[in-house]
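Peer 1: Okay, handing you the structure first.
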Amino acid sequence: MSEADEKKGLFARLFGRGGAATPEAPAEPGRKRSWWERLTGGLSRSSQAIVQGISDLFTKRKLDALTLEELEDVLVRADLGLAAAQRISATVGKARYEKTIGPDEVRAILAEEVERVLAPVARPFELDESKKPFIVLVVGVNGSGKTTTIAKLAAKWTAEGRKVMLAAGDTFRAAAVEQLRFWGERLNVSVCYAPEGADAAGLAFDAIKSARERGSDILLMDTAGRLQNRTELMAELAKIVRVMKKAEPEAPHAVLLVLDATVGQNAVAQVDVFGKIAGVTGLVMTKLDGTARGGILVAIAEAYGLPIHFIGVGEGAEDLEPFTARDFARAIAGLEGDEEKTDTTP
Ligand SMILES: Nc1nc2c(ncn2[C@@H]2O[C@H](COP(=O)(O)OP(=O)(O)OP(=O)(O)O)[C@@H](O)[C@H]2O)c(=O)[nH]1
């Protein structure tokens, strides 16, 4: 496939075949899928594994210590983390010990507990309009979905009438710069970039100046994510932040860590590293559709308490949405969504 074809394919996946910034992913002809449908569709691998596991354990079986232990295993396999898994199975035990309990009741307990853990971290991403530009540093390992997330956020905020600028801070890889420029062109958003190998901190400084001159509302800065050399990465991110502050003392106003849910427990380690290196203010979890281990959000919420702002459940631009604890908890437990969420507006 030529590079041009590859890009065309990427764009079609992200923004729908027509290439419009308002994507269509119809469930039935003439109807856009609601967020609830996309969320449950995206989380189906995770929820199926959990629902099936619970169903196998709690159908016509008396609740005893072994069943509770097996429930714990199902939840650990879905990456909810040991602490949450133990708590949930203890709650189920307390509720009905020595009596029969059906899978639906167990799923309801699970959803309640997951929502309880996630509610404090499900915080909307706040753009402070008094900061112009509002500077967002986007960090994460290569391949986690940083660039795509930047494109999705740029599309979202542009559609809301905000003026966005992108900065291609992964100056180590010409392909990364190219990819961001490509999005910029397609979304009609300016991209600040420098030749391969240029100093990323210098680029950050220029990008802030340029965004200010152009009257941009938001500056989204991509960064390199080579975890192979932690010391170098740490030094580079520290330098970017230091130099950014010369142009704008309060910069960056937000540091978003993009995590790939398919890496499971490894995502927890990434929060740890980037939290220390980059002063992460919030998380974006991508690729929840590509894994049966969506429970990782629970483990991360419990371990770090960092805000989770957005989740990605597909490659389309509409597949990145603000994170809400109740929807996620109900979707992962295979429960019905709240009525008002199942919007079916054509
Ligand atoms: N299925 C799925 N794929 C996603 C999602 N988010 C991003 N991707 C895909 O993941 C791949 C990697 O995304 P990139 O945005 O290039 O990742 P990156 O972190 O910028 O990686 P580098 O460009 O290597 O630095 C792309 O093919 C995206 O389309 C998601 O929520 N679901």
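Counting begins at 1 with the first residue displayed.
Including glycine, each Cβ sits where the backbone N, Cα and C put it.
All TrEMBL annotations are machine predictions without curation.
According to TrEMBL, the record shows the following:
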- 140-147, 222-226, 286-289: GTP binding site (BINDING)
- 307-320: domain 'SRP54-type proteins GTP-binding' (DOMAIN)
Peer 1: So what sits near GLY140 (GTP binding site) in its own chain, CB-to-CB under 8 Å and at least six residues off in sequence?
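Peer 2: Once residues fewer than 6 apart are set aside, GLY140 (GTP binding site) is near LYS146, GLY225, LEU257, VAL258, LEU259, ASP260, GLN270, PHE274.
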Peer 1: What is the one among the binding-site residues LYS146, ARG226 whose Cβ has the most other Cβ atoms less than or equal to 10 Å away?
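Peer 2: Checking each of LYS146, ARG226, the winner is LYS146.
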Peer 1: I'd like to know which of the binding-site residues listed (GLY143, LYS146, THR223, ARG226) lie near ligand 1, counting only a CB under 6 Å away.
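Peer 2: The ones that qualify, in sequence order, are GLY143, LYS146.
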Peer 1: Could you list the residues of the same chain, at least six apart in sequence, whose Cβ is under 8 A from the Cβ of GLY143 (GTP binding site)?
Peer 2: GLY225, ASP260
Peer 1: Any residues 6+ beyond the ends of the domain 'SRP54-type proteins GTP-binding' (307-320) with a Cβ under 8 Å from its own?
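Peer 2: 13-16, 21, 23, 25, 38-39, 41-43, 118, 121-125, 145, 148-149, 151-153, 155-156, 256, 281-289, 297, 300-301, 328.
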Peer 1: Should THR223 (GTP binding site) be counted as helix, strand, or coil on the basis of DSSP?
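Peer 2: It is coil.
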Peer 1: Under a three-state reduction of DSSP output, how is GLY140 (GTP binding site) classified: helix, strand, or coil?
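Peer 2: SS state of GLY140 (GTP binding site) = coil.
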Peer 1: Return the residue, from the listed binding-site residues THR223, LEU288, with the maximum count of other C-beta atoms within 10 angstroms of its C-beta.
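Peer 2: That would be LEU288, with the highest Cβ count within 10 Å.
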Peer 1: Would you list the DSSP helix, strand and coil counts for the residues of the domain 'SRP54-type proteins GTP-binding' (307-320)?
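Peer 2: DSSP classes over the domain 'SRP54-type proteins GTP-binding' (307-320) add up to 3 helix, 6 strand, 5 coil.
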Peer 1: Calculate the per-residue pLDDT averaged over the domain 'SRP54-type proteins GTP-binding' (307-320) and state the result as an integer.
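Peer 2: That region's mean pLDDT is 88.
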